[in-house]
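Lifted from TrEMBL, the feature list:
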TRANSMEM  B:6-28  transmembrane segment
TRANSMEM  B:35-58  transmembrane segment
TRANSMEM  B:103-120  transmembrane segment
DOMAIN    B:120-415  domain 'NADH:quinone oxidoreductase/Mrp antiporter transmembrane'
TRANSMEM  B:157-179  transmembrane segment
TRANSMEM  B:199-224  transmembrane segment
TRANSMEM  B:236-256  transmembrane segment
TRANSMEM  B:268-288  transmembrane segment
TRANSMEM  B:295-316  transmembrane segment
TRANSMEM  B:322-344  transmembrane segment
TRANSMEM  B:365-388  transmembrane segment
TRANSMEM  B:400-420  transmembrane segment
TRANSMEM  B:441-463  transmembrane segment
Amino acid sequence: MILLVLLLILFVAALLSWIVAAKSNLLCRWIALGSLLINLVIVLVIWVNHTTTADRWWYNFRVDWIPHFGISLHLAMDGLSLLMVALTFFLGALSVLISWKEIDKRVGFFHFNLLFVLCGITGVFLTMDLFLFYFFWEMMLIPMYFLIGIWGHERREYAANKFFLFTQAGGLLMLLAILGLYFVHGANTHVYTFDYFDLLNTPMEPGTARWLMLGFLIAFLVKVPAVPFHTWLPDAHTEASTAGSVVLAGLLLKTGAYGILRFVLPLFPAAAVEIAPLAMLLGVIGILYGAMLAYAQTDFKRLIAYTSVSHMGFVLLGAFAFNEIAYQGVVMQMITHGISTGALFIIAGALYERIHTRNLKQMGGLWTRLPLMGSAVMIFVMGSLGLPGLGNFIAEFLVLLGSWQANQWLTVFATIGLVVATAYSLRIMQKVFFGPCDRQYTLPDLNMREMVIIVALVIVIFWLGFHPQPVLNTSQNINYVVR
Amino acid sequence: MSFADFISLGPLITLSAAVVVAMLLVAAWRNHRMVYGFSLLAFMMALTAIIPAIKYIPHAIPPLLVIDEFSLFNTGLILVAGFIILLLSFNYFEEREERKEEYYLLLLLATIGALVLVVSRHFMSLFLGLEILSISLYGLIAYLRTRERSDEAGIKYLMLAALSSAFLLFGMALVYAFTGHMDFPGIGVALRQAGYLPVSVMAGFGLMLIGVGFKLGIVPFHMWAPDIYEGAPLPVAAFIATISKGAMLVLLIRFYQDIHGNDYPMLWWIVAIIAVASMFVGNWLALTQQNIKRILAYSSIAHMGYILVAFLSGVQTGLEAIAFYLVAYFITSIGAFGVVIVMSSSLQDAETIADYKGLFWRHPWVATVFTAMLLSLAGIPLTAGFIGKFYIVMAGVNGHQWFLLFMLVINSVIGLYYYIRLVAAMFSVPAPGEQTMVTPALPMAGNITLVLLTILLVALGVYPTAMMQLIQQMMRILV
């Protein structure tokens, strides 16, 4: 029941913030922020209360929705869901905060969309019914489309359309696969249901399993994104408003990774093992290709977008390594990437508010003007290149450690990615904050609101770096992928 | 004619009587409001006449008609759709034409034609219903005589409809010549006894398909659709998009079931090619259109293609899917045309995309309704269109029609592009100084109707169980 409440709070707050915006923008922002903080507190309380329990599923809520098809409103939470949902509310709250000044037009509709997309994402992380999963999966697209298309930068409509079409195409393939699974299960057991737990261990022909798995996998690879399907990402990330970029990079990409962990691997274990080398190869290509492209960018946000491609390659590499170390690394990587990339997008947005350009060539020497911002970027850039002591290091180290056991050569190449990451990360610092400065005027450094956001992010990334055990304990509960 | 016949045909008889009375009313005293009110009343009475008819189902009136759950359900659907179109019509005609009253006579007549199609099980009644429908539509399409494109549309429809009727008749004659039957079950039995499909019967079916395909607006018989949607008065376009196509589809399903169409692969392949072609042509041509009416025309061609996919799945779920999709499609199409109706001024229809630019910031409620309708056409969750598309895909997977399903998926993505283009236009921020030519009328009755349609759309999208149960129960009879 508490899980339904999480969704309902967001949904009601979305409507409420839209309505009250006609009267007061400030109230609308507070409603949005308040609802997300309440949800965050609820999730943290759940987490604190469930650190030691051994049973995997903490909450299970199920009512029939369309019994004719065996569709139910089935929500459940385990360690993975909990971590993802906590990340969702954390980054969601920060998204509201960073939009405080940036979004001054159509405030109500903005917060409606923001909360609605967060509601969809939360649903994706919590639902244990495949129809409902597809429902939420599609539901988060429309508000995201608006977030990019209305409040974005110059080429926002192009970016929004591209994003929408790519993910829809993937989503429809997944729908076919879901229905295929439904009928295969029905034909074999005479129970027609979309329930996740029933569909686990569906007996099926290897050939069928291969096709169905591909349907799921392509949808998730588009979202992650893996290399041949990644072209929507740089456009969408670059053109979206800051909050849009944070939600995209921090959360939407994670739904793809989550889908692989939750659905592809457990539902089709044999087929997943078969395709593992190819998927890991795609991951490594993503790591190297994304890093190389990131190095070549001149647009700050586009650069960060390509680093996402690179970092999410590690997720793919680890997910198909089939051992617990890699798996825990993947979960860590999902969280730390959300935090560090989100932070970089937030700073890029703050910088854009001040100097009105994203072009790296027009920046330089900003350290003397913006020392606080410079140090913040330094921290997250170090995180991005995998400096020990920050969360990203733990994540990438674990992934590489795990994938070494599965495939040595690919791991070697993936490690090269870390070198390139160092190059592009340091280039950010070099281009933006060091070098000559031809600006005579002063710029305001981080204000109170931005400090709160940055400090929160810094604390989390250090905490994940120095004391990752609580997260690892929680994600440990999931052990079905281990071969 | 027995008492049971009388009650079973209640809706039809009510409407027929209403046409006569309405005609006399108009002759005695021309008053727009009165005829409008009377037509609404007639539709409501016809709807209530369904209730006593339920007691007698299934009831056959040999050899022409059959009243079963399937036909009563569709009768209800058509009557409700007609009622809503009527509601949207009043203001539209009030502002435009001097002689508005005959419109209602023609609309009632056309509805009767559609109802006859829904209950017919015989070539004679089929042709009668079709002609009542077509001939009323000639008048309806060209009703606003002073507009430039209305004559063109009317004449085009007249020519093509007459031609396709001729093909239909010839096809029927061929089928009759070789089976010796004109009632659908009789044909089915004769063919089954023959054990194969003779060439002449095949040719007959092919010719009949031209007549049927024309009414459904499927490729390659779709050419008329965009021009007629553009030239016809908006409520009439909504009527053609929904009731006229829906009634024909219902007839096609009944015919196909009665002759056991799935037993003949040749027939299956022809329909499959038509389905794929309809999806591609409809969506492809819609991509570049700037006129909303033409977009809706092409999109309805594509939607007929989707429905045919369910039709071809050859499973029970397929028929349920069609019925559900039809309901969703009716709501969505009437809603979309309704938006165009309330947005149109007395001088000009709001038909270009430019008229809708930034609509959300000027008239948020209308834009929200239109967005909901477009998203439903695109099949996005929380709308009836999503459940409908889901149902169709489900039927396809159940029938293992993977090829058709992939075509459907590709087309859904193409289709999305032009729907979201419209949505994006409504939410885009118009540049200062850029103003639309059309000042929307936004009549009260129209707005309320639209809001109700939207609520219905979302309700079906969120809780479709009740409708599904109704449909499932009704389809059990048919198979």
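For all residues, glycine too, the Cβ spot is worked out from N, Cα and C.
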Practice problem: Count the Cβ pairs between the transmembrane segment (B:199-224) and the transmembrane segment (B:6-28) that lie under 8 angstroms and are 6 or more residues apart in sequence, then report whether there are at least 3. | Solution: no
Quiz item: Sequence-remote contacts (6 or more beyond its ends) of the transmembrane segment (B:268-288), Cβ cut-off under 8 Å?
Solution: 206, 209, 213, 218-220, 222, 226, 261-262, 294-295, 298-306, 308-309, 311-312, 314, 404, 407-408, 411, 414-415, 417-418
Quiz item: Which sequence positions outside the transmembrane segment (B:322-344), separated from its termini by at least 6 residues, show Cβ-Cβ distances below 8 Å to it?
Solution: 73-74, 77, 81, 84-85, 88, 91-92, 234-235, 237-238, 241-242, 246, 249, 253, 292-293, 296, 300, 303, 306-307, 310-311, 350-351, 355-356, 359, 366, 369-370, 372-374, 376-377, 383-385, 387-389, 391-392, 438, 440-443, 446-447, 449-450, 453-454, 456-457, 460, 464, 467-468, 471, 474-475
Quiz item: So are the transmembrane segment (B:400-420) and the transmembrane segment (B:295-316) touching or not, going by 3+ C-beta pairs under 8 A with a sequence gap of 6 or more?
Solution: yes
Self-check item: Within-chain partners of the transmembrane segment (B:35-58) [C-beta distance under 8 Å, separation at least 6 from its ends]
Solution: 4, 7-15, 18, 21-22, 25-26, 66-69, 72, 75-76, 79-80, 82-83, 86-87, 89-90, 100-101, 104, 107-108, 111, 477
Exercise. Might you confirm whether the transmembrane segment (B:103-120) is in contact with the transmembrane segment (B:236-256), defined here as three or more C-beta pairs under 8 A between residues 6 or more apart in sequence?
Key: yes
